[in-house]
Amino acid sequence: MKLPIYLDYAATTPVDPRVAEKMMQCMTMDGIFGNPASRSHRYGWQAEEAVDIARNQVAELINADPREIVFTSGATESDNLAIKGVAHFYHKKGKHIITSKTEHKAVLDTCRQLEREGFEVTYLAPESNGLIPLETIEAAMREDTILVSIMHVNNEIGVIHDISAIGELCRSKKIIFHVDAAQSAGKLPIDVQSMKVDLISISAHKMYGPKGIGALYVRRKPRIRLEATMHGGGHERGMRSGTLATHQIVGMGEAAAIAKADMTTDNARIRTLRDRLWNGVKGIEETYINGDFEQSYCGSLNVSFNFVEGESLMMALKDLAVSSGSACTSASLEPSYVLRALGLNDEMAHSSIRFSIGRFTTEEEIDHAIETINKSIGDLREMSPLWEMFQDGVDLDKVQWAHH
């Protein structure tokens, strides 16, 4: 067993060896290294064909038309292109956007930028289980609302939004609907034919593909128009200029094909491991799950261990590669904004750890993790005066702390 044990699959996944092998065939002189936009020779034609195959594979994953797939540098760029693209194209129809407080920073900061440009954004608060009720979204809709952006699976707590229901609502009100599916594409079934979603952001490195490549699904019927944010040679039907990175795209295509083929078996195995982990730690006193356990992705588990400081717990769990919050904001010492939006106080938010399980996690690793967590929590609470006071029945909320 290799240490530290990787339990941070929501931050990134290792490239599947089958994907890496396909990518290697698109790099060197004896491979498919040409520019897909070179139409005058075989090297370009071969690269274009490889890109077309990958585009089909990504489209098949979500049951889309290959012409609806726009390759980008990742889900962050896809989010930017979708939200800014819609806002700038449809601004004469209205300048109101609806999103949630628990979105990824790629959505929140894009909306903040649009606010600086004169758009108005409503940030919806979730219920304590992390989910946003349909009525809340409907109540926020106005005559001038042009876009709703709600994520499919939350990156920190793993809760799954009912995308089909939100899509129905948006379509009935003629409002464009964007979904950040970075955490769900390749892990949960997505069918754009039955879901009334207009734009979907996808990342390759969350589904065992390479970093630096993603896609944006842009619906053709009814047709969604976007204003480009990247200008140049007019690649990707004018929506995203820049030479297509054949090896990255081929990697994403192969990752999508494997994810589609293995989704059911992968998820069954991952769910068993997730349940094993939770059953192994839920007996620890004052341990709470964050987010709706039933309506969440099976590879994600966000747990608060009360009376234990998150940073010291992570240091104690040095044999486990886990995170407190998302990788994109883990450099800050602020408690997770997602957990704060759920109504957790600073202490509980700070004592939370995100465990995310994936394709290469083993039962042996989970058992080692359970043992390590139980021991570490015990050791840290031994040193905690707050834990001692709690054990003695002191109501810590009523304690008047002296200021020095």
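Glycine is treated like the rest: Cβ placed from N, Cα and C.
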Have a look through Gln46, Gln57, Gln183 and flag the one Swiss-Prot assigns to the pyridoxal 5'-phosphate site that Ala75, Thr76, Asn155, Ser203, Ala204, His205, Thr243 belong to.
Gln183
Among Ala75, Thr76, Asn155, Gln183, Ser203, Ala204, His205, Thr243, the annotated pyridoxal 5'-phosphate contacts, find the widest CA pair distance and round it to a whole Å.
30
The sparsest Cβ environment within 10 Å, among the recorded positions His205, Lys206, is found at His205
Local backbone state of Ala75 (pyridoxal 5'-phosphate binding site), from DSSP in three classes
helix
What's the most sparsely packed of the binding-site residues Thr76, Asn155, Ser203, counting other C-beta atoms within 10 A?
Thr76
